[in-house]
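One structure is given below, encoded as structure tokens.
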Amino acid sequence: MGLFDKLAGWLGLKKEVNVLCLGLDNSGKTTIINHLKPSNAQMQDIVPTIGFSIEKFKTSSLSFTVFDMSGQGRYRNLWEHYYKEGQAIIFVIDSADKLRMVVAKEELDTLLNHPDIKHRRIPILFFANKMDVRDALSSVKVSQLLCLDNIKDKPWHICATNALKGEGLPEGVDWLQDQIKTMRT
Amino acid sequence: MSESGSDGGKWLDAHYDPVAGLYTFSSCVDLADLSGDGESRLVVGDLGCGSYSMKLKVYRGTVLMSESTLLDLPAGLVAFFMDLHEPRIPAVAVASGPCIYVYKNLRPYFKFTLPGLEVNTLEQDVWQQVKEGQIDPLTLKEMLEGIRKKANIPLSVRSTRFLSLETSDMDAFVQLHNQQPIRRQTVITCIGTLKKSTADEDGVSCLVIGTESCDVYVLDPEAFIILSKMLLPAAPITMDVTGQFDVEFRITVACRNGNIYVLRRESDKPKYCIELSSHPVGLVRVGKNVVVGCTDESLQGFTQKGKKLWRIILPAPVITMAAMDLPTRGFQGVLVGLANCEVQLYRDKNLLSTFKTPNVVTSICFGRYGREDGTLIMTTKGGGLMMKILKRTAVFDDRDSAPGPPLAQSVRLNVPKKTKLYVDQTLRERENGLTMHRAFQMDLSRLRLATAKAYVKALESSLTPMSSSLSEPIKMNAVVQGLGPSFKLTLNIQNTAACRPIMNLAISFLYDESLYRMRNPYMRIPLLVPGLIYPVETFVECTSDKGISDIIKVFILHEGQSSPLLTAHINMPVSEGLMLS
């Protein structure tokens, strides 16, 4: 970390990072982002996102700007227009929706093969969400179904989460923060 | 799982369970949001294997959510909104035998039984006498057989069953049944839904049922009374319903006599009739047209008034058909399950996509399942369940993937606008057409005359390289080799007669002696055996260095005659080298 960054850290100015939050509809993207926001800014009711929404939250050393994209089929073609700006990606998966795991895999493959993403070494954080649901798949099984082992040129990490209670979220965000720091230095 | 094959990867294989134990047909499969949470469930009337284990099964995602036993084999299953209560949860109607069982929240809610048919009075009297003990079972059998032969109203199920019994079982059967009155029941063959007054997605729907007794009933969804009754000339097998009961509706029914009838509001008789060349297997409405799959391995398109639009031949017999309607993308097509383990997608008569399945598909259902709009659900002959999801990026191009005329044929040419000159010419041609035609004919005749004259002249002077004489048919061609000034001249002479050899021929050359010098301008030809090619070679030297060339004339002569048998003109090439003298 450079001298200026340290200085900025002492002064309380934090580095801004743009993060894209992607995933199928009803996977829990907005709920996860909502949980990461400071408690006084959290919403009570989560409704399906239309288009996208921009949310901000801070961690110990970074200030995140999250593009919370809508996961509905008709809005998914909007994702690629934000790939350039994103410095990290959060990909949320509904672990209880076995049927649509192929759809999630298809969207992930499209994402990874996009020219704006393909040759950049940006960190991808996977949230295997809805772990509280009875028939949910484990994070290992999810990573198998999505063939995450095939991602060789980007750092990635998968955590099992329950966004309703916030379980597993801090672990993922810590990993993302470390990755972004190592990327910058 | 990876059966994408030739469909260009348009479908994602979401789920395949080869041992799901689902034995059903397209008419007994429906998709509906049964819990009102925005996730559609799959409702299946499972025919089971044999005459037991008929079940109503509900799937959520990849798992079986609930199952309840059905009393009889299901003939059809539909999900429909029967009331306006909130939350909007559809009911499920299962048609089996003469009854419709209505389930709400997956619990039995109501049973509707079709009205009984008219009973033969003679038959009734006979059974009455049996009840009173006036006649014994054997007499009963004789009398019933007599009634069966004569009467125009068929016997009830009880009587026909009785007639099929052995003599020993008759007493017990009569004892068991003689207390109940005779009834004659029909059975339901197909079921559909018809919106009552609004075209909304969640509007209240009437049930439309077709019966074995050739009737079509429209039932009120709340009171379950018969709103309308229509009569068909034959028993229906499958139907499609569109419109609203209170406004205007259209029921398209494929019947067992190989005809398709169209029923309309305010008429209890069919309005239109389509006579097919073979029996229908499936019927699907696409927009305003009807697509019918027939037993002669064909797929046919008709307008709703019964005009035939097209007919295509399929590679295998049709097993099942379903509509593929994707309103978000404005796509409408027909899915056809074939006996060769293929499912084909057609838009009009164009084959858009084909994919292979591991087993013969017996039921197809396309629609919103779970949260995914384009889900294709199929069950196979072996009881397998297969789910595919249409890719978001899948594009079905209008081009026909079946072999046919190339695409370029239908591309419109960029024809330039008509110029003034063109218009003037056209006008002139229109006015003077007759004169122009005459002038053309005159010129054509002249041309023909000139050609004929030249030909006769050539024949007379034997200028051709083919001999016209019948006694000495000879063919010749000449080859000039070399760059100059020295050329090699080869004349290939052939006797084309069938068996007669030709003798006493000679070759003579005529040329400009100031330009060329020839080693031997007169040669004798040996005897020509028929068929063989005789090369006669000679050398020509060009004596000029001015770079000019001339013609050398070759004559083949018969010894003792002055007129040549044939003549050839050889255009000599320009000499490229200087003569070394």
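Here the Cβ of each residue, glycine as well, is placed from N, Cα and C on the backbone.
Here TrEMBL has A:G23, A:L24, A:D25, A:N26, A:S27, A:G28, A:K29, A:T30, A:N129, A:K130, A:M131, A:D132 binding GTP, and the candidate from A:G71, A:G73, A:G86 in that same listed site is A:G71. DSSP classifies A:T30 (Mg(2+) binding site) as helix under the three-state reduction. For A:G71 (GTP binding site), the Cβ neighbour count at a 10 Å cut-off comes to 25, with all displayed protein chains included. A separation of roughly 9 Å, to the nearest angstrom, links the Cα atoms of A:D25 (GTP binding site) and A:T49 (Mg(2+) binding site).
Checking the binding-site residues A:G23, A:D25, A:S27, A:T49, A:G71, A:K130 against chain B with a Cβ-Cβ cut-off under 8 Å leaves A:D25. In this structure, A:T49 (Mg(2+) binding site) belongs to neither helix nor strand by DSSP; it is coil. In this structure, of the binding-site residues A:D25, A:D132, the smallest number of CB atoms within 10 A of the CB marks A:D132. Cα-Cα distance from A:G71 (GTP binding site) to A:T49 (Mg(2+) binding site): 8 Å (rounded to the nearest whole number).
Cα to Cα, A:K130 (GTP binding site) and A:T30 (Mg(2+) binding site) are separated by 13 Å.
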